[in-house]
Amino acid sequence: MSKEELVILDCWVSPFCMSVKIALAEKGLEYEAREEDLFGGKSDLLLNSNPIYMKVPVLLHQAKPLCESTIIVNYIDETWPSPPLLPPCSYGRAQARFWADFIDKKLFDAGCNIWRSKGEAPEEAKREVIEILKQLEEALREKAFFGGDTFEFVDIITVPVTSWFHAIEKFGNFKVEDECPKFSAWMKRCMQRETVAKVLPNPEKVYEFLIMFRKMQGIE
């Protein structure tokens, strides 16, 4: 498949875009990533491809647009079934989708509550992040990855959010490793995968981006 057939409308710092790029990499698919200027003006292609939400990621497969990262990752898995990203049984797939939905709805927003706060981050915001991570530790148990021994769907949805953890730790004045060592060990295992390490940005760059963004929002 040529790169022209798969195009992702991208933003380097978006965890949701990272999930799509990791899924494509896990399938061994070539693609073209087109960086969107989300602050200076979104492209006509983005606005026309995602007129409802007008946000990234958008995956264009043979010029047909797909929106929302978890839906896109599902589409990638169904369209290119090998290697599979979801478990073979319907119950396992339902469980994986439950945790992906939980992460989409909870984890990123909880982290944002920390870096968006003026002055010292509220203890309640930090407690919320730690509580969510402890719930994910319960789901992990003693497994290497959420699906067991294999890096798959839930890992792909979750690991990009961790690229913001360095910044969240700095703003929140706490360490994920101290609070959730099992989750921290899972993060390190994921980073050993080439498909993840190549996609996730330098955490310090994410921190610098959020400092700039806070100033733009008048938080600093």
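Here the Cβ of each residue, glycine as well, is placed from N, Cα and C on the backbone.
Taken from TrEMBL as is:
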DOMAIN    4-84  domain 'GST N-terminal'
DOMAIN    89-209  domain 'GST C-terminal'
Counting by DSSP, what is the helix, strand and coil composition of the domain 'GST N-terminal' (4-84)? 31 helix, 17 strand, 33 coil
Under DSSP, the domain 'GST C-terminal' (89-209) has how many residues in helix, strand and coil? 90 helix, 2 strand, 29 coil
Overall pLDDT of the domain 'GST N-terminal' (4-84), taken as the mean: 96
